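What follows is a single structure, written as structure tokens, with notes after it.
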Amino acid sequence: MKQYLELVNEILKDGEKREDRTNTGTISKFGVQKRYDLREGFPLLTTKKVFYKAIFHEMLWFIKGDTNIKYLVENNVKIWNEWPYENFKKSSEFNNETLQEFVERLKNDNEFCNKWGDLGPVYGKQWRDFGGIDQFAKLINDIKKNPFSRRHIVSAWNPAEVDNMLLPPCHSFWQVYVSKDGWLDLQLYQRSGDVFLGVPFNIASYALLMELIAKECNLKARYFVHTIGDAHIYLNHLEQINEQLKRKPLPLCKIKINSEKSIFDIAFEDIEIEGYESHAKITGEVAV
């Protein structure tokens with residue numbers, strides 16, 4: 001995906017070095033935008049291998065309105081583990097358990113998981129219950145009834161509850177646009193984007209969301225417009241980022257939704273990726 005590599009080069013060229021909340025340090029650029037045409041293929045990064053199963057599970061978890069990571073850890077999705085673990089470490093119950101021991105206890109102890117596996121009122125809660133409003137169901141209904149409305153909006157940023165979230169929403173606000181000839185576009189505003197670890201996930205995640213909404217509403221997915229406020233590369237990811245820049249993007253894969261079920265009932269097994277080829281995996285530490 002050349003757009004992603006263009007974003008990386010823009011940040012390295014024009015960004016500024018900044019201190020950050022995690023004390024890792026970043027190179028940051030404010031206000032960037034990239035456009036991905038889903039008609040050309042599913043925008044799953046090819047310059048490093050991406051664990052797309054985690055992306056699919058997470059999106060279904062959002063749609064269900066879930067905020068406890070039990071479903072994720074049971075499906076070997078590790079992307080949220082560090083935040084509840086760091087929260088647990090601050091408690092009087094912490095007894096020097098490792099992260100892996102913490103995760104295993106979440107899997108096997110429901111009472112412990114109910115207490116320590118919840119992230120607070122994060123994405124799923126806001127999508128499905130923003131002050132009593134099911135934004136997601138309303139969006140689907142409104143697209144079907146009034147497709148050309150300019151009010152097809154879902155917000156995960158709730159100022160009344162943001163301080164109760166273990167991590168305030170990075171991808172915080174999105175809007176859907178329906179063209180007169182049956183195409184569905186989506187623009188995401190992301191307040192903060194970890195370009196090495198997070199942004200490749202976010203691109204594929206919202207592309208999947210587009211495909212799911214389009215199928216539900218009898219439309220076709222077209223443009224994903226990704227707007228990022230603080231787009232940053234952590235300083236401890238520079239070696240990995242430069243390795244990616246040496247790699248040539250490969251052809252994009254395809255995605256299929258093999259079900260006629262409602263978007264609210266779609267399961268992981270209903271989603272299929274065809275022809276995904278990538279360069280080797282590149283790892284990096286998450287900044288918490």
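Even glycines carry a Cβ here, placed using N, Cα and C.
What Swiss-Prot records for Cys170 is active site, nucleophile. Positions annotated as dUMP binding site by Swiss-Prot: Arg21, Arg150, Arg151, Arg191, Ser192, Gly193, Asp194, Asn202, His232, Ile233, Tyr234. Look at Swiss-Prot and you will find Asp194, Ala287 tagged as (6R)-5,10-methylene-5,6,7,8-tetrahydrofolate binding site.
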Three-state secondary structure, the residue listed as 'active site, nucleophile' (per DSSP): coil
Pairwise Cα distance for Asp194 (dUMP binding site)/Cys170 (active site, nucleophile) [Å, integer]: 9
Set of same-chain residues at least 6 away whose C-beta sits under 8 angstroms from His232 (dUMP binding site): Ile11, Gly15, Arg18, Asp20, Thr26, Ile27, Ser28, Lys29, Ser192, Gly193, Asp194, Val195
Distance [Cα-Cα, Å, rounded] between Ala287 ((6R)-5,10-methylene-5,6,7,8-tetrahydrofolate binding site) and Arg21 (dUMP binding site): 9
Between Arg21 (dUMP binding site) and the residue listed as 'active site, nucleophile': CA-CA distance (Å): 14
